[in-house]
Amino acid sequence: MGPIDTSQRLARLRELMQERKVDVYVVPSEDSHQSEYIAHCDGRREFISGFTGSAGCAIVSMTKAALSTDGRYFNQAAKQLDNNWILLKRGFENMPTWQEWTAEQAEGGKVVGVDPSLITASDARNLSETIKKCGGSLLGVQENLVDLVWGAERPARPSEKVALHPIEFAGKSFEEKISDLRKELQKKKCAGFVISMLDEIAWLFNLRGNDIPYNPVFFAYAIITQSTADLYIDEEKLPAEVKNYLGDKVSLKPYSSIFEDAKVLGQSAQNKSDGETSTKPPQKFLISTRASWSLSLALGGEKNVEEVRSPITDAKAIKNEAELEGMRACHIRDGAALSEYFAWLENELVNKKTVLNEVDASDKLEQIRSKHQHFVGLSFDTISSTGPNAAVIHYKAERNNCSIIDPKAVYLCDSGAQYLDGTTDTTRTLHFGEPTEMEKKAYTLVLKGLISIDTAVFPKGTTGFALDAFARQYLWKEGLDYLHGTGHGVGSYLNVHEGPIGLGTRVQYSEVAIAPGNVISDEPGYYEDGVFGIRIESPFFPHLLINLPFLLTPIIDIIMAKEVKTTHKFGEKPWLGFEHVTMTPLCQKLINPSLLSDVEKKWVNDYHTEIWEKTSKYFENDELTRNWLKRETQPI
């Protein structure tokens, strides 16, 4: 998708800024719940800039406009921004951060405005300090100025029905989860927890929604104290079944009343803290470090709130046995769907010489997935990309603006699905013709990195920050790299990107250790701008090692962490490894076996044997896919 002309939108925004005495206006990507993926009505940064990627921040002054984003989107942003915009490439040497660029525009006492519901309290404090150093000031502007520019064309806020998430898949009742949360609050000596993250609320109450595309969440807030559980949600979203399920254990309140109630809580906390009684109960309320500035202000700010990494996000990241079993099961079905798709695609392109574009292909994949048990929908917009498009890390094919798939070029498919028993995210890179030696080398180096993560054994307490280099080492030896993280947490029929764990150089990945029950993607890659892109992605579980005589034992892809027993136990620490769950073959044609060690070849062969054993039963009456799968899982 090419650029749109943003001149009129920027002109109108600047008029509104001038009326409110705002010199610089910040437009974050997130919604008021700090969601990574947002409803269409919250796409303010996309509306004002024309950039459609999921991450970034727009800043508009009276004479300039800038868009900051990360390495996943550099190519896309360069294509989508018109000549009104400057692209700030996050992480590039000598390139200012968006905060630094904003502060530069505020020199000389200028005012920077931002909607306080769209920025976290900690980010607001840090931005304010950066701006002050340049002589400017930060102002929370309650009325969103981009919404005023958008006007009647802004989409309505969705209000989809909420559904129960059955205990057979959740593995734990909402009453147990709330009880566990209250124990955490007691440990921290806090009066309660004000919850704003949508996936945390969905997980806590074992409910799922459909307010944000691809993410089974719903707009709500919650407040949990030692004696009450309040859910702030528009009641028309709740069927009778859900109301009966929540019963008298949860009080339902209007979504719009959260800030009014937060102010009351803040005033009450302040009044109690001003008293003289030595036995007064704890006064502070917990909020997540991801909670909005406006929510913190409503509670009375730092004197009444303690910002912490949410105890719910930590609990949610460690899947219980029902959730882990669901992830295993849905990845087998999803792997079967992908094999059927790749077999179909090869037959259409190579044997039938069918002309297919990238969207035609991704539509077929969704159709195939939808036949499988517990399918609900996609977990993100499928990246179906041929040739040079595969070098755009988060490429999005548009129905009226996409490429014909070239069987003589690399084809990259990054896709996932939501099933009642789990969430999938798999990338496979294929070639239907004769790949070049460079393509095979790049693919094999990426594969070696994936294997290195998958076979890693490490002591308890190791972070994803520390493991990230395992995946990059073979590319680094060739002077190559990729501009995205190596992996992210994956939800259980929830958001496909889930914190707080992951593999990468983000600061947050150095703060939280990998733990048994985590589900993480393993997705190294290599991209040659304008030529091709290679990515292999497979989620896995960390696990506890049991009697491993040596370190390189094959376990694969989305990966699950679990504890394992090693021959030795230095420092009496538990040791962890990974269990793979993705069941989709690698592309044999792109592997250069001469670049693999004997151990790595065994890993590939064992992985492919497991895929055949677990998924071939789906193709007893499908000769095309069965033959394709048989060929692709042969030993190398």
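Backbone N, Cα and C atoms are what each Cβ position is placed from, and that goes for glycine too.
Swiss-Prot annotations:
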- Asp414, Asp425, Glu537: Mn(2+) 2 binding site (BINDING)
- Asp425, Glu523, Glu537: Mn(2+) 1 binding site (BINDING)
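Features recorded in Swiss-Prot, as mapped to the structure shown.
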| residue | record | DSSP class |
| --- | --- | --- |
| Asp414 | Mn(2+) 2 binding site | strand |
| Asp425 | Mn(2+) 2 binding site | coil |
| Glu523 | Mn(2+) 1 binding site | coil |
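Asp425 (Mn(2+) 2 binding site) sits 10 Å from Glu523 (Mn(2+) 1 binding site), counting Cα to Cα. Once Cβ contacts within 10 Å are tallied over all protein chains shown, the binding-site residues Asp414, Glu523 are led by Glu523.
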